[in-house]
Structure formats: structure tokens, C-alpha cells
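Noted in TrEMBL for the protein shown:
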- 6-28: transmembrane segment (TRANSMEM)
- 40-65: transmembrane segment (TRANSMEM)
- 71-88: transmembrane segment (TRANSMEM)
- 119-140: transmembrane segment (TRANSMEM)
- 146-170: transmembrane segment (TRANSMEM)
- 191-208: transmembrane segment (TRANSMEM)
Amino acid sequence: MNTPLYLLFCATALAAVFTPGPAVMLALQNSTLYGWRRTALSSLGNISGLLVLISASAIGLGALLRTSATLFLLLKLCGAGYLIYLGIKQWRAGGAKARQLAARPDSPPASLSLYREGLLLALSNPKAILFITALFPQFIVRDQPLLPQLILLSLTFMAMSFSALMTYALAGQLVGGNMVNTMQSARFRRATGSLFVAMGAGLLTLKAQ
């Protein structure tokens, strides 16, 4: 792969990873509630999910999603359902239990729970695999070995994605602070919960083509 083509990929990927979406929303939520260090766990889960999606795209799942209406609908329903589940979960956490935090401090979720949350968010997002399937082939030089190019593009995209999520995480902590033991956490959880539900509803309108 030549340098100008790689730099164009970097510019395209950079714009994509910094565009707000469910993963960014999760990073902002976790950093505001638990701090940026805990957010790194959910972000690593999201990047692990990206690796799975890139691998699936390489073996043709992305193309299959475009041609199989049933498979696409199934993945879309799973993705929308998971986003709505996250939203409802935050709404419930923003209820009576959250208002009692000042009297009884709450502990952050377990590391595995945060990692799994980010992983499932990535794996259940059909928009991600469709985007990867559309993006990567545009930057593959056909008369050069495929595997080294795919590895380079994948590592670059994953590194940029993680950097973007952590940038949002740091910004979230700086702006919102750690609200896990404050009355503000109830309102914040309900606000982010509403956004997750809205994203889930929006995902239901996604079309394969």
C-alpha cells in the first residue's frame, strides 16, 4: 500500500471514529460515572468487538448481510434490542437507587462487566460491519498481498477507535467529573438512558443498502 492511499484511509477512519455513536455514548457515560480508567475496560471490549467484525467482514459476512434480508433483520433487532436494554438499565439505575447514593456509596461495575458491555455493543451493531465492509476494500491494492494490507488497516482502525473513545472519556470526566456518589448521577443516567433508547429506535430504521 502506498503512503498517500494509507494517509487517505487514516483521514477517513479518523472522521468515522470521532463521529458520535453508541460506543462514544458509552464511553462518555462510564467516564462521567466511574472515571476514564474504568472506561478503558469498556473501550477495550469495544475494540475487541471491532476485531471480530473486521474478521467477519474479511470472510464475507458483510456481503452476506447485504444480500440476506433475514440475517440483516436478525442482527438489526439484536443491536436495537441491546441499545434499548442499555437505555432501560440506565433509567432504572437513575431511579430510587441512584438517589440513595449520597447516603450509601455505590461501587463501580466489575471489570469483566464493563469489558463485556463494550464487546456486546460492538458485536450487535450491524452499522459497524456494513461500514467496515464498505470502507476497507476501497483502500486495498489488488496487485499487492492482501493479508499485510488487511492487518495494517485493521490495526490502524482499532488504534484510532480506542484513541477516540479515550479522548471522549477524558473529556467526559473533565466536564462532568465523577458523579457516582452524587445526586446528579440520577439525572445523568436517565439522560444517557434516553439517548441509548433513541439510538436503538433509530437502528430499527437502518437498511442494508
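Cβ coordinates are placed from backbone N, Cα and C, and glycine is handled just like the others.
Long-range contacts of the transmembrane segment (191-208) within the same chain, counting only residues at least 6 positions beyond its ends with a Cβ under 8 Å from a Cβ of the stretch, are 21-22, 25, 28-29, 65-66, 69, 72, 76-77, 79-84, 86-91, 93-94, 125-127, 130. Taking Cβ pairs closer than 8 Å, the transmembrane segment (146-170) reaches residues 1, 6, 9-10, 13-14, 17-18, 23-24, 27-28, 30-31, 36, 39-40, 43-44, 46-47, 50-51, 54, 58, 132, 136, 139-140 in its own chain, all 6 or more past its ends. Nonlocal intrachain contacts for the transmembrane segment (71-88), taken as residues 6+ away from its ends with a CB within less than 8 angstroms of a stretch CB, comprise 22, 26, 64-65, 117, 120-121, 124-127, 129, 192-201, 203-204, 206, 208.
Within the chain, the transmembrane segment (6-28) has long-range Cβ neighbours (under 8 A, six or more residues past its boundaries) at 39, 42-43, 46, 83, 86, 117-118, 121-122, 125, 127, 131, 135, 139, 152-153, 156-157, 160-161, 163-169, 171-172, 192, 195-196, 199.
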